[in-house]
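Everything below concerns the one structure shown next.
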Amino acid sequence: MRLLDDLRAGLDAIDAAHLRRVRRTAYSPTDRSQRIDVPGGEPREILGFCGNDYLGLAAHPALMQAVGEGARRYGFGSGASHLVSGHSVAHARLEARMAALQAPHIPDADALCFCTGYMANMAVVSAMAQAGGIQPAQDCTVFSDALNHASLIDGARLSRAAVKVYPHVDLAALEAQLAACGSRNKLIVTDGVFSMDGDIAPLPELLALAERFDAWLIVDDAHGLGVLGADGVGVLSHFGLRSERLIYIGTFGKAAGGAGACVVAHRMAVDWLVQRARTYIFTTATPPAVACGVEAALDLIAGEEGAARRARLAGHIARWSDHAQRLAARFGWQWMPSPTAIQPLVIGENAPALALAAALEREGIRVAAIRPPTVPAGTARLRITLSAAHTEDDIERLARALEAAGQSQQSAARAA
């Protein structure tokens with residue numbers, strides 16, 4: 001069939017460019033190591049440096065207990081969307097908790113839960129582009145960092161607003177774009193922590209531009225909530241920001257160890273999202289038990305255990321940074337210094353990055369090789385992520401294995 005032939009040709013092109021994505025099946029809970037399927041063999045235990053469970057909470061007994069108790073109390077499914085009959089007291093409690101956490105940074109804060117971070121980001125950008133009832137967003141411009149997450153990019157596309165992409169964290173370029181913009185409604189959109197580079201957005205400077213040019217500042221804090229700021233409150237706390245024009249998106253599938261997301265903003269902006277956010281209105285609400293689990297995670301994050309886990313993670317980051325700097329200098333890779341759990345090593349081309357990841361897996365270590373279109377062409381990388389669940393020995397084992405893989409690759413290149 002011609003349609004299948006077209007698909008086959010497209011898949012062949014993906015293979016030729018070393019860009020095929022594959023799924024791996026895990027047979028055990030998310031932790032520092034997991035039993036993972038091995039092509040052509042039996043599943044085996046592999047030490048992971050590729051997940052987003054930054055505090056090691058995904059399999060925490062307190063979270064599992066909270067989810068179980070929530071299911072016994074509220075059942076499994078929500079049964080409907082939030083605006084029909086699916087909004088549980090468990091959702092309401094979680095929203096109140098998130099609003100309280102961000103209240104020092106967003107005056108008159110309210111919150112709204114979403115099923116995923118992707119849905120939250122798409123909703124906020126597309127709905128806020130229509131603020132004031134402009135449909136489509138004919139008098140709105142979205143200003144988006146070049147390295148923003150795909151969900152923010154898709155939200156801008158869905159909004160049908162004008163979109164201006166500014167070079168990564170280039171404040172001068174953004175200022176020039178804002179100065180030249182005649183739109184009544186302006187949205188500055190950014191990751192808080194950039195997911196592939198690990199750097200933190202210059203939010204104080206971005207907020208100053210938002211104030212100067214009367215724009216909203218939308219911050220996706222997927223990788224900051226639980227890790228950055230006082231008591232893990234996130235990137236707004238990290239910088240000590242406060243403004244009515246801030247819209248904060250925190251996701252629960254990373255440091256919080258669960259699933260879902262929450263938007264925190266001025267109560268009027270949240271009410272607007274209830275009226276206009278399509279990914280909130282037209283989908284079944286997250287199971288209430290999940291909200292119970294996330295609330296338990298927030299308890300841990302705010303307490304002594306959360307502080308201890310953040311301190312352990314910070315120690316791992318410092319230890320790994322020393323190794324990464326040394327290895328990058330030796331093998332000609334690009335080390336991207338990051339104060340976060342995301343620790344990229346840019347290799348360059350796709351094939352060498354894949355080969356290094358494969359060599360690590362042969363040693364029982366799993367690291368993701370990230371390639372275009374997720375990252376720009378020529379910047380394929382090993383996206384190494386650290387967790388409080390790791391041990392110091394785990395960090396040393398990764399360093400030894402990567403050094404051996406780099407040496408082998410370097411020797412092969414010299415012999416060719």
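Cβ atoms here come from the backbone N, Cα and C positions, even for glycine.
The pyridoxal 5'-phosphate site in Swiss-Prot is built from G117, Y118, S195, H223 plus one of T251, T279, namely T251. Maximum intra-site Cα distance, pyridoxal 5'-phosphate binding residues G117, Y118, S195, H223, T251: 13 Å.
Using a 10 Å Cα-Cα cut-off around S195 (pyridoxal 5'-phosphate binding site), the recorded positions R21, H149, K254 reduce to H149. In terms of C-alpha distance, the listed recorded positions R21, H149, K254, T374 place H149 closest to Y118 (pyridoxal 5'-phosphate binding site). Under 8 Å, Cβ to Cβ, and six or more positions away along its own chain, H149 (substrate binding site) finds N121, D191, S195, D220, A222.
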